[in-house]
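The block underneath contains the structure these notes are about, expressed in structure tokens.
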Amino acid sequence: MTKKQLHLVIVTGMSGAGKTVAIQSFEDLGYFTIDNMPPALLPKFLQLVEIKEDNPKLALVVDMRSRSFFSEIQAVLDELENQDGLDFKILFLDAADKELVARYKETRRSHPLAADGRILDGIKLERELLAPLKNMSQNVVDTTELTPRELRKTLAEQFSDQEQAQSFRIEVMSFGFKYGIPIDADLVFDVRFLPNPYYLPELRNQTGVDEPVYDYVMNHPESEDFYQHLLALIEPILPSYQKEGKSVLTIAMGCTGGQHRSVAFAKRLVQDLSKNWSVNEGHRDKDRRKETVNRS
């Protein structure tokens, strides 16, 4: 039986260089993550990890917040080098002194190594102490000119494998404008201009997932024309969302009550996008009127 390999990324570097954003990015990439892991506990922790999946992935922030960091890190890394079944890399995040000072001033935090309160003194001491670790690192990322989004994209490019690259997911949902626009929607489209099945007694109590309503909505010429334009707009931009490191794209289709037109459009959009992408379908307000009637 082939032994499963554990993939580990040790995230470290200068305070204020972006380790919090980095560890969140690794979580989005499918890694199990821990922030502020004491170096001395790392070998024991790896021994206790119960490997349930092929090629498990861990990303751990190990930095100077642990008081014993500088005295323990080298011995721990030497031990990891000799551990069977472990593939580990060190990601070192850095930034220019001027940028680090600006970030500390913006957050009004004090540097942990600035005994006299001068941020720059703490940065210089930390840089000196971390120099050997930086030289050992397989991946060094300078975040001076990077926004959080750009850092996420950089890490996705460096640490995504083929499986992770395909983990981009699309959520297609319907909703009713009368109940508010979904706050997590990335793209919102309004189909209230289309003929409304609500005004047909035989369709009023059905929804867009029911065939009579779906056919009524989608068989109108203006519906087909709009849908083709909608699909032509959405499909070409999906690779760009994936490339920038976005893990979930939420597309919301809205009509007045969220029961008929938007549901039908969301249903058809899911059918077409599912041919090439991982897509989930949801209808936020589809059954809202039914629930209201049942309460009365």
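Residue 1 is the first one shown; counting continues down the chain.
Each residue, glycine too, has its Cβ placed from N, Cα and C.
Listed in Swiss-Prot for this protein:
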type	residues	note
BINDING	G13, M14, S15, G16, A17, G18, K19, T20	ATP binding site
BINDING	D63, M64, R65, S66	GTP binding site
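The ATP site, placed at the center of the C-beta atoms of G13, M14, S15, G16, A17, G18, K19, T20, has further neighbours from the same chain whose C-beta lies within 8 angstroms: A22, D63, L93, A95, T143. Counting Cβ atoms from all protein chains shown, D63 (GTP binding site) has 24 others lying within 10 Å of its own Cβ. Cα of M14 (ATP binding site) to Cα of D63 (GTP binding site): a span of 8 Å.
Around K19 (ATP binding site), the same-chain residues six or more apart in sequence whose CB sits under 8 Å from its CB are V11, T12, G13, D35, V61, D63, L93, listed in sequence order.
Rounded to a whole number, the distance between the Cα atoms of S15 (ATP binding site) and M64 (GTP binding site) is 8 Å. Neighbour count (other Cβ atoms within 10 Å of the Cβ, all protein chains): 25 for A17 (ATP binding site). G13 (ATP binding site) carries a strand DSSP state (E or B).
Comparing the binding-site residues S15, T20 by how many other C-beta atoms lie within 10 angstroms of each C-beta, the top residue is S15. When the binding-site residues M14, M64 are scored by other C-beta atoms within 10 Å, M14 scores highest.
Shown are the binding-site residues G13, G16; of these, the residue with the fewest other Cβ atoms within 10 Å is G16.
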